[in-house]
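As given in TrEMBL:
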TRANSMEM  21-43  transmembrane segment
TRANSMEM  63-84  transmembrane segment
TRANSMEM  91-110  transmembrane segment
TRANSMEM  130-148  transmembrane segment
Amino acid sequence: MRDPADVKPRKISQKGDLRMGQIITAYLATAAVFLAIDAVWLGKVATRFYFDRIGHLMMDKPNLGAAAIFYLLYVGGLVFFAVLPALKSESIWTAVICGAVLGFIAYATYDMTNYATLRNWPLEVVLVDIAWGAVLSAVSAAGGYAITHKLLS
């Protein structure tokens, strides 16, 4: 039996597996980055942009339960498809690229469905929102990776 004092911290990518604590850390770090940036975007930067173009479709108060489910699921997707692969490869670029691709696909799915099915859904919203999804997801995945890597290395 080894002396616990001789046990060294385990590198993230050892044997290519991750422990539950590492996954939870990655999730919390990614969620913090994603929520902070999206709050600024939706609350300050792009509020007028969306209101001027689709305000007639917006609720007076958002459905917070539905929003919470989206954020919980989407951050989980970012962690699974971008942050964990980046931790395994020890490459922030994996997080950036995989995050951007996931964001592009997810936001394009939403926006192109709206553009195809809703009357007068503006193309301008489609283009800005898809670009935002790619950027937000890339930055959030990179931030989640960087924080997790720093905390667990």
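Even glycines carry a Cβ here, placed using N, Cα and C.
With respect to Cβ pairs under 8 Å, the transmembrane segment (21-43) is most closely packed against 130-148, considering the stretches 63-84, 91-110, 130-148. The list of residues near the transmembrane segment (63-84) in space but at least 6 beyond its ends in sequence, with Cβ under 8 angstroms from a Cβ of it, reads 18, 23, 26-27, 30-31, 34-35, 94-95, 98-99, 102, 106, 137, 140-141, 144-145, 148. Within its own chain, the transmembrane segment (130-148) has Cβ neighbours under 8 Å at 12, 22, 25-27, 29-34, 37-38, 41, 46, 75, 78-79, 82-83, 86-87, 92, 94-104, 106-108, 111, counting only residues six or more beyond its boundaries.
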